[in-house]
Amino acid sequence: MVKAISSNLGYPRLGEKREWKRALEKFWNGAISEEELLAETKALRLHALKKQQEKGIDLIPVGDFSFYDQVLDTSVTFGIIPKRFQHDGGKVSLNTYFDIARGKSDAVASEMTKWFNTNYHYIVPELADADPKVLDNRALYYYEEAKKELGIEGKPVLVGPVTYLKLGKGNDAENFEALLDKFIPAYVEILKELERAGAKWVQIDEPYLATSFDKSEIKLFEKVYQAFQTAVPNLKIELQTYFESLDYYEEVVNLPVAAIGIDFVHDHGDSLEALKAHGFPEDKYLAAGVIDGRNVWRSDLDAKLSLLTEIADYVTDGKLIVQPSNSLLHVPVTKLSEPDLDEVILGGLSFADQKLDEIAILTKALTDGAESVTAELEDARAAVTALNESSHRNNLEVQEAIANLGNVRVDRELPFAERIKLQHAWLNLPLFPTTTIGSFPQSPEVRKTRADWLKGNITDAEYNAFIEKETARWIKIQEELDIDVLVHGEFERTDMVEYFGQKLAGFQATKFGWVQSYGSRAVRPPLIYGDVAFTEEITVKESVYAQSLTKRPVKGMLTAPVTIINWSFVRDDVPESVVANQVGLALRKEVEALERNGIKVIQVDEPALREGLPLKQARWEKYLNDAVYSFKLTTASVQNDTQIHTHMCYSDFDDIIDTISALDADVISIETSRSHGEIISTFEEVTYDKEIGLGVYDIHSPRVPTVTEIQDNIRRALRAIDAKQFWINPDCGLKTRKEPETIAALQDMIKATKEVRAEYQVLEK
């Protein structure tokens, strides 16, 4: 037997029924005061801590809570506030905090981008002229709160300095170490205050260590953690890595810290191999992330116990910590909120609370022997076996189709240069055609009507009539705005992935399986539990109805395979590429159905392509090849004059531009303005031969852009892209915006377009 310690790395903020989201939005809308917001969120925070305490977790994280984002929290802790928000130098107010994230009328929001290869977004620190000072030791506040209110000796959580700075802007390589030197004393101040308050452990997250970087950068970590060790020698620092294995295992495990946290789930087996090859320091704790913190499937506890037993051979007794692979921020709170799910599927699930149970079971099995948890191990064994062997997971027809993929065409009949002429001939669009990305605002009335329908309070006919009425209203609005290529608005959809999951075999929706995407925005990823198959037309009815209302082209709107995969909880018993190809074959039938019914512009969105890239560049090629294949599997069977669009967002594209071209979409639209136009520089350096729309205003902020701002974005883009290739559109879908600001922004977009179009037409003459 091995004496082990149980730990957690972070807990979902949303609450079991999204109470956190509702509290934030009530505050933003002026429905509650700041004091009421603080009271509501404190109650949620303490409830989460108490739950972990009751489940027997030894090291409970504190300070993982946030009002928006943990990286933004780090920025305001150290006073890294962009000048445009006119911060006075004191503690950052809650209003200023939210302004940085959401923008205000006279100051654009800070950039937002994906947290490594997840669907969580962080607010990018703006580090130019950074002069860090501790303005607000949030970690200390949350540590003392947990101790006072619940008697919990918590483990404060900080974003590590190297990772924080690497995630920022204005951190040029030449001056990076000098910038880091400015932050070390500020971090030391935080740690000293925690030590004085009685903290025994601090978790410092450095996921940058799990990426690919030059070995010379290890010296940055040596400098930081030596400074910390010297300043707070009695504080046990857990240096936490996750999402991948460590390229420089030997160097990392010998850094001057008390514990090293390693991901044994998303590491492709590399972590165990490194442990066997190089051993582990006798004086350190090894925090083994063995429970998957990014997926929702129940663990094979026999296999996990075997893995932990193997790991324990290399760790000093009493220094093995059992924990999830990463923060549980990325999974829903509890499966107990899903009593209506199929029994076999429910049995095979493990949300955040159940993962804590799994950690407690494994810790007890190690410490007291497997016989002490015989019933728990047998229950897990039976549940996993039942799901794997069930008809839910095994569709022989789908498996046969996958086996015969070699007979399926995955290239368009004509090359782009030839088919685009056929598309131009019938579309007859003006220079700089305008469109939107797909969704329009889902008003309280839309959400209430859908909720009433789902509860059975209104009939299918009443619901469909409402959707048609809303669609018709927005078709008319688009025509009045003079948009060139229209969309139906997606009023029937809650989410661009969940909706497809409700229509395809092999998927299962949840009621309360919500996870945070950005700010108060929560998504409810579907469960891909089995083989995926097309069973019915998904989008045809709404698209055909919208097209019947106008002579302008209306885009069919689908979500592409890789995004469906990345924004779902995917079965873990087969390779993801197999699931992506199953989705591709199913969507191919939907694309063909749209085309048969007269929809000749079809958008297949792949916004999550970039975010899903493996953290190790050595694994990129296979991922990208698989992504291109599944996309072309979806789209390649259409006629030459059918125009395929795709959309991507929140991404750096300079290193995957060849992949984007290989998708062979006729038109691609890309988020641009939230990254403050940086993507345009990519197109200044490469020749892109297909048509492209670079988003000309940020939809993630309620702020309405000016005509001048939009024109500046258009003109900047036109320095890099041929005018005849260029489309004009917002950054992303408009579902989360309010109607007045949406219409005002689109009016400005169309006005800006027409003025620039007129300038170019004069130049052409």
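Note that Cβ sites are derived from N, Cα and C of the backbone, with glycine treated the same way.
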Please identify which of TRP567, TRP620 is recorded by Swiss-Prot as part of the 5-methyltetrahydropteroyltri-L-glutamate site containing ARG18, GLU19, TRP20, LYS21, LYS114, GLU611. TRP567
Could you look at GLU378, GLU490, GLU492 and say which one Swiss-Prot places alongside ILE437, GLY438, SER439, ASP605 in the L-homocysteine site? GLU490
What's the CA to CA span in angstrom from GLU19 (5-methyltetrahydropteroyltri-L-glutamate binding site) over to SER439 (L-homocysteine binding site)? 25
Excluding ILE437, GLY438, SER439, GLU490, ASP605 themselves, the L-methionine site's Cβ centre has within 8 Å the residues THR436, VAL487, MET496, MET557, GLN603, HIS647, CYS732, GLY733, LYS735
Most distant Cα pair in Å, residues ARG18, GLU19, TRP20, LYS21, LYS114, TRP567, GLU611 binding 5-methyltetrahydropteroyltri-L-glutamate: 28
Candidates ARG18, LYS21, GLU611, HIS647, CYS732, namely the binding-site residues, that fall within 10 Å of ILE437 (L-homocysteine binding site) by Cα distance: HIS647, CYS732
Near SER439 (L-homocysteine binding site), how many other Cβ atoms are within 10 Å of its Cβ? 22
Among ILE437, GLY438, SER439, GLU490, ASP605, listed as contacts of L-homocysteine, what is the widest Cα spread in Å, to the nearest whole number? 13
Could you say whether, by DSSP, SER439 (L-homocysteine binding site) belongs to a helix, a strand or a coil region? strand
If you compare CA-to-CA distances from GLY438 (L-homocysteine binding site) to each of the binding-site residues ARG18, TRP20, TRP567, CYS649, CYS732, which comes out shortest? CYS732
